[in-house]
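If you check TrEMBL, you get these features:
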- 12-122: domain 'Thioredoxin' (DOMAIN)
- 1-18: signal peptide (SIGNAL)
- 168-190: transmembrane segment (TRANSMEM)
Amino acid sequence: MFVKTLLLALFFPCLISTEPIELTDQTWKKMLDGQWMVEFYAPWCSACQKFKPIWNDFSKAMSSRHVKVAAIDTDKYPSLSNRFRIAGLPTIFYVRNGVFRQFEGGDRSLNSLKKYITNEDWLKTEPIPSYIAPDSIIMSFVSSNFNIHQLFTDVFTILQDEYKFPAWTVYIIIAIASILVAFTAAYSIASITHTFVDGLFKIYTKFTRSNENETEKLLEPTEQTTATNVTTSVVEDQNGILDEEVNVEEEEQTESN
């Protein structure tokens with residue numbers, strides 16, 4: 001793949017796109033495969049506007065390498081901003097095979113960005129822990145909650161601005177919808193929890209029964225051996241008593257003679 005890209009860059013440069021890839025809330029998971037440098041920006045951010053030419057030049061510089069350069073508009077996709085815990089703009093992430101690192105290259109110059117890749121300066125940055133990584137269950141839950149909040153906000157705006165509903169009517173509608181959503185979520189969580197606990201109980205029961213069966217199999221030979229030893233001891237004791245009786249009778253006969 002790298003050789004193919006290099007040949008295209010040398011002989012057909014017009015066929016290779018050098019612009020940063022625009023990722024969305026539907027396509028962001030592409031960055032989980034391979035190497036990516038991803039910038040989060042907003043159109044109103046003056047620092048982002050100043051940084052844009054540098055980011056475009058960096059994308060061109062990486063076009064002949066195996067690093068994909070992308071950008072995400074936080075105004076269009078605020079749920080991704082929450083998923084990645086964006087606190088300032090622009091923010092850059094380096095993603096390698098699903099492992100996330102936040103770029104900490106200082107001045108964000110073109111030279112600094114290139115060195116971050118070519119000199120593997122990203123190794124100096126600690127990866128984001130997996131439990132709070134953007135693709136983790138926790139951050140997916142945070143993102144989904146934000147999507148629900150955004151949905152209610154959009155519904156409020158549409159009902160009030162386009163359909164001219166009174167504000168109190170819209171609040172009642174949203175309150176009822178919120179209760180229904182909360183009830184559905186609680187029911188779903190309860191069902192999942194019940195299924196999970198039931199599965200654990202079945203595994204525990206199966207494991208316990210298996211251990212009991214193994215213990216019984218181990219004890220059976222021991223019990224048989226113990227019974228055999230007891231029987232042998234009894235027989236030996238009886239033989240010993242008989243021998244003693246015979247000896248006594250022989251002594252009595254000897255004395256009578």
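Cβ coordinates come from backbone N, Cα and C, glycine included.
Remember, it's a predicted structure, so these values are computed and weren't measured experimentally.
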Take every residue in the domain 'Thioredoxin' (12-122), average their pLDDT values, and give the whole-number result.
91
For the domain 'Thioredoxin' (12-122), jot down how many residues DSSP puts in helix, in strand and in coil.
41 helix, 26 strand, 44 coil
